[in-house]
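**Q** Quick one: the structure is below, questions incoming.
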Amino acid sequence: MVLVRVLANLLMLQLSYAQKSSELIIGGDECNINEHRFLVALYTFRSRRFHCSGTLINEEWVLSAARCDRKNIRIQLGMHSTNVINEDVQTRVPKEKFSCLSSKTYTKWNKDIMLIRLKKPVNNSTHIAPVSLPSNPPTLGSVCRVMGWGTISATKETHPDVPLCANINILDYSVCRAAYARLPATSRTLCAGILEGGIDTCKGDPGGPLICNGQFQGIVSWGSDPCAKPHEPGSYTKVFDHLNWIQSIIAGNTTATCPP
């Protein structure tokens, strides 16, 4: 009888903890430590605080958002918990940075992309490995995975110790146009989210990856303010539409131009 009571009390504590944990996040959960080997954190030397994410696409190149550009950027790879550091964490600085437009003049609606060449290549390890560029664009309705260390509250800037992951859907571009009146008629972006709200990327997540069916399809760009509002999905730079530019830069053609 005593054992039954003890087990019942433990179950109640577990349920209570689970409920409180779910109330602390914008629709996400802690990522599995093995599912984000390509996810990198961007921070500045002075702040030491993650302001953006990025995606490792080979041992020497990281793809992020133009809005994430800063002076004295540091790139941390192999991170999971900010409290318990993985043994294979590596830190790099940029050798070169390329954007379609200057980070000061890019439009909020388009061309939010930055390619970073690392000063020193990284070594693949238990928690570090690149992700492949997409072979095809994502299909409408695809279930995609977003991840990052962005704020876990829509009203107060509170960052988690570990990256959070959540599933969202690729939506028709017209859904984003209906939500944001200033969007152009066409754009090289993806509209993605949950129409009911409650699940969204937020401050600190820009530059991170949108993974659809195992392929790197989007770069977190911007969304509603406050985050996770119903019928106001997020905007993601469409990686597939920028493949030629990305591959040309990596191949050494540093004067390559982005798609119009």
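Each residue, glycine too, has its Cβ placed from N, Cα and C.
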**Q** Can you tell which of Cys100, Cys144, Cys165, Cys258 is bonded to Cys212 by a disulfide, based on Swiss-Prot?
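**A** Candidates were Cys100, Cys144, Cys165, Cys258; Swiss-Prot matches Cys212 with Cys144.
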**Q** So, in Swiss-Prot, which cysteine from Cys31, Cys52 is disulfide-paired with Cys165?
**A** Cys31
**Q** Closest to Cys176 (disulfide bond): which of the recorded positions Cys68, Cys165, Cys212, Asn253, going by Cα position?
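**A** Nearest by Cα distance to Cys176 (disulfide bond): Cys212.
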**Q** Taking Cα atoms as reference points, which of the recorded positions Asn124, Cys144, Cys212 is nearest to Cys258 (disulfide bond)?
**A** Cys212
**Q** Compare the Cα of Cys227 (disulfide bond) against each of the recorded positions Cys52, Cys68, Asn124, Cys212, Asn253 and report the nearest.
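**A** Of all the candidates listed, Cys52 is nearest in space.
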